[in-house]
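Participant: Before we start, here is the structure in question, set down as structure tokens.
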């Protein structure tokens with residue numbers, strides 16, 4: 001037990017040095033992490049993101065100090081990093097932060113999402129094992145472990161993803177519950193009457209229960225590994241164990257005092273000095289955590305050597321190295337669409353059809369709207385075909401998005417998902433977290449404006465684009481036709497470290513001769529030009545056709561007009577100033593159009609003499625889409641009035 005107590009003492013020391021932290025779980029869940037790392041987790045100490053490593057997600061991210069001491073004693077985190085817990089150190093941040101070269105498998109903190117990401121990882125292990133079984137069944141035989149707290153299980157998303165794990169029988173997913181019966185403001189029984197055994201068995205899980213003794217946790221994990229279902233292990237722990245706030249809500253977060261160290265030393269019969277521990281502790285963890293990995297890592301290396309000449313090996317390398325250039329470059333032909341002058345969502349179907357082959361590692365998740373959004377590859381699904389690229393998640397948008405993050409974190413697959421734009425709110429917490437981790441997830445949101453029409457204001461998403469565009473590292477594309485759609489799809493497929501969001505229409509839009517897929521990648525470009533224009537009209541998506549209609553009307557009034565298509569306003573604003581000055585003339589007036597509440601358009605005002613913007617700033621109504629659209633001011637007559645005011 002001395003080595004476990006050393007971990008707990010180091011956690012106390014680091015939290016005290018940081019002037020406070022989540023002591024409760026750091027001590028209570030420590031036996032869970034200790035058991036996992038010293039007896040079960042397989043990984044490659046020299047390759048943190050080894051593709052066949054066991055994954056560990058701290059869904060209850062505030063319990064990070066149950067993990068960091070183990071990594072320190074194993075030689076994977078330095079003493080300096082422990083001394084700077086919470087202050088400028090990615091590897092010992094307050095909540096775990098994923099990085100390409102560290103031993104953290106997911107950034108966590110927003111409760112519930114870690115469980116969803118773990119489900120995504122286990123799901124990816126399942127589909128990759130099936131895809132490469134013919135090459136070797138040992139290529140993807142790892143487990144996914146996730147540590148959850150009571151808060152994780154109270155979040156609604158935990159129900160969404162746990163249900164799906166049961167549906168898909170993800171038997172290599174093992175959840176360990178830090179069940180201490182206490183949370184920050186209350187005891188659990190004050191806010192939850194749930195029987196966890198009933199909950200998880202009803203969802204198709206294996207349920208186990210154990211004490212926090214290392215031997216008991218170890219036995220439960222061994223039993224879970226033999227299950228043909230995902231396993232939920234409820235580990236009965238004690239919050240802030242062996243401190244003055246043991247078993248109390250106040251033990252969730254506090255600054256350890258000398259009395260806490262005295263209580264800890266007395267109860268554990270130890271007398272450690274903060275940040276100074278016997279060499280025997282380091283030796284133990286090196287043997288049990290590091291040296292234990294040599295045999296499985298070497299066996300995997302030898303396996304790959306034997307497979308190098310096999311037909312599937314190149315595909316295996318392209319997938320596991322996330323070589324999107326090899327998989328998707330030059331795969332799309334913008335000219336090959338079933339029908340021109342169509343809704344942009346229809347073009348997505350055309351382009352996905354072009355890459356629907358065995359070499360593609362794209363997997364499509366859909367929230368029960370595949371037929372409406374065209375987010376699908378072929379007509380089968382994972383239930384009927386283990387090699388299918390279509391994963392049904394039901395009406396679980398938030399869960400779907402956390403699973404997408406987990407799949408991207410696992411690696412080996414490209415993942416696309418989406419629904420109607422009005423329901424992007426359900427996914428935003430996961431989009432934000434994925435962007436924070438630089439994950440190349442790909443979202444498609446359709447039914448993008450007032451022109452949804454008869455479904456009414458609940459389905460008319462005037463307010464969604466500004467929220468998506470406000471998230472750092474998210475590229476939002478709103479194309480006006482098939483060429484711009486092809487550019488957005490291609491960019492999203494090739495992206496290595498950015499989240500991409502493609503915004504598509506339900507209503508048909510004209511195919512434009514002047515549009516350009518190459519220029520689209522600049523975020524904006526001149527689609528109809530007049531030198532020294534009197535008026536410049538810039539627009540995105542469905543408003544580009546309106547801008548071109550306005551151009552005709554202005555030409556009749558002898559006003560020289562330039563039209564700029566802006567499929568990605570944030571990307572346009574990131575271009576060099578010299579490029580923006582080519583598009584926008586300082587002697588011209590500028591009208592910008594978008595059926596959205598986005599504010600980014602006002603950043604273009606400094607490049608022109610005068611500017612006004614027509615956006616969408618109120619709920620719509622249940623009516624014909626074009627009627628609603630025009631009622632909100634998106635008609636040539638109203639735009640001419642705006643231009644007249646601008647020119648006055």
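In case you wondered, yes, glycine gets a Cβ from its N, Cα and C as well.
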Participant: From 9, 17, 22, grab the residue that Swiss-Prot records in the same substrate site as 252, 345, 372, 447, 455, 506.
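Facilitator: Site partner of 252, 345, 372, 447, 455, 506 for substrate, according to Swiss-Prot: 22.
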Participant: For the Mg(2+) site that Swiss-Prot assigns to 180, 182, which of 150, 152 is also named?
Facilitator: 150
Participant: Per Swiss-Prot, which one of 40, 62, 72, 383 shares the thiamine diphosphate site with 109, 110, 111, 151, 180, 252, 423?
Facilitator: 62
Participant: Provide the three-state secondary structure of residue 110 (thiamine diphosphate binding site) computed with DSSP.
Facilitator: coil
Participant: Anything within 10 Å of residue 180 (thiamine diphosphate binding site)? Look among the binding-site residues 22, 150, 345, 372, 455, comparing CA atoms, and list what you find.
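Facilitator: Qualifying among 22, 150, 345, 372, 455: 150.
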Participant: Which are the residues of the chain, 150, 180, 182 excluded, whose CB is within 8 A of where the CB atoms of the Mg(2+) site average out, their centroid?
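Facilitator: So the additional residues around the site are 24, 28, 149, 178, 179, 181, 183, 187, 188, 237, 239.
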Participant: Other Cβ atoms within 10 Å is the metric here; tell me which of the recorded positions 150, 397 scores highest.
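Facilitator: Highest number of other Cβ atoms within 10 Å: 397.
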Participant: Non-local Cβ contacts of residue 372 (substrate binding site) (under 8 Å, 6 or more apart, same chain)?
Facilitator: 345, 420, 446, 447, 506
Participant: Between residue 182 (Mg(2+) binding site) and residue 22 (substrate binding site), what is the CA-CA distance rounded to a whole number of Å?
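Facilitator: Their Cα atoms are separated by 13 Å.
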Participant: Give me the Cα-Cα distance between residue 397 (active site, proton donor) and residue 423 (thiamine diphosphate binding site), rounded to a whole Å.
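Facilitator: With distance taken Cα to Cα, residue 423 (thiamine diphosphate binding site) is 8 Å from residue 397 (active site, proton donor).
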